[in-house]
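This is the feature table in Swiss-Prot:
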ACT_SITE  Lys75  active site, proton acceptor
BINDING   Ser24, Lys25, Ser26, Thr71, Asn96, Asp111, Tyr231  shikimate binding site
BINDING   Gly135, Ala136, Gly137, Gly138, Ala139, Val229, Gly252  NADP(+) binding site
Amino acid sequence: MVDLVDHKKICSRVFVVGYPIHHSKSPKIHKFWLKYYGLQGESVSEEVTVREFSNFIASIKKGNFLGGNVTSPHKQEAFRLADYKDGIATAIGAANTLWIEGKKLLATNSDAYGFSANLDDFVPGWAGETALVFGAGGAARAIIYALKKRKFERIFLFNRTKKNADDLAEYFGKSTIKVYDWCSSCEKARQADLIVNTTSMDMINFSERENGAFFDFHKTKPTALVTDVVYTPLITPFLQQAKAHGLKTVNGLGMLLHQAVPGFEKWFGVRPSVTKELRAAILEDMGENRG
């Protein structure tokens, strides 16, 4: 017979799943909120390969978890395997937040919300007509959705595998999204109001041209806003270069913090706040001295 306390603990568990997953700060965020709001629960990391992911999803439906967050490389597969996808997840074509209702697995995507809320915190009223987006994975999908919601008229998309970028443009509509080769990103930067890196690579070292690094911030207009969804390190080489050219930058930590809000509310019934105390706790865990 299962002990009642143990059963309650099991049913209050949430996860963050990805591969690799050791870098994720999501469990730290969840644990901070659980303690702050006086809630019972547990957040765990689950490192699951692509091959094992469908079995992991099947285990969720057995009631082992309330739900959880999904990170790379599983967001599109999580969307596919969910029993029900809300309108946001369907529009994006990927899911990062899962929860159980009855015996059904439900999915949404909070990355677009997290991206916009992060910029709202640091650059209130941010807007523009033209954006450059590097990458064509799950994060790029959410950011394109967010930019379209903010009425950006042109989104220039760059990805090392051009076919993936072409597929993304087809999904969201080629009237707004234009795909270009990496080497043309510098010229397109002249038009950009917003430049977003969604890749996990060190872009400065990824692709060298004869005349230097593949992206040259010298050609970016001085009013452009530059952001990176990567948050480890907090100031990525991409952001370092932008700062060196006097451009306004926003790091990716806030996107991580804000995207965690909707899921936590669904699992535990409390809508948490992204506070200075939370940010400081995660920065301390990262070994950063910034406030």
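Glycine is no exception: its Cβ is also placed from the backbone N, Cα and C atoms.
Surface or core, plus neighbours and distances: that's what I need for these features.
In the three-state DSSP classification, Lys75 (active site, proton acceptor) falls within a helix. The local packing around Lys75 (active site, proton acceptor), expressed as other Cβ atoms within 10 Å of its Cβ over all shown chains, amounts to 27.
In sequence order, Val16, Val17, Gly18, Ile21, Ser24, Ser26, Asn96 are the residues near Thr71 (shikimate binding site), counting only same-chain partners six or more apart with C-beta under 8 A.
Non-local neighbourhood of Gly137 (NADP(+) binding site): Ser72, Pro73, Lys75, Asn164, Thr198, Thr199, each in the same chain, at least six residues away, with C-beta under 8 Å from its C-beta.
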Once near-sequence residues are set aside, which residues in the chain of Tyr231 (shikimate binding site), 6 or more away, have Cβ atoms under 8 Å from its Cβ?
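Residues satisfying the criterion: Lys25, Asn251, Gly252, Leu253, Met255, Leu256, Met286.
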Under a criterion of Cβ-Cβ distance under 8 Å and sequence separation of at least 6, what residues of the same chain contact Asp111 (shikimate binding site)?
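Set apart from Asp111 (shikimate binding site) by at least 6 residues yet with Cβ under 8 Å, we have Ile92, Ala94, Asn96, Gly138, Ala139, Ala142, Ile143, Met255, Gln259.
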With DSSP assignments reduced to helix, strand and coil, which class does Ala136 (NADP(+) binding site) get?
coil
Within 8 Å of the centroid of the Cβ atoms of Ser24, Lys25, Ser26, Thr71, Asn96, Asp111, Tyr231, which other residues of that chain place their own Cβ, given that this set defines the recorded shikimate site?
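After dropping the recorded site residues, what remains is Val16, Gly18, Asn69, Leu256, Gln259, Ala260.
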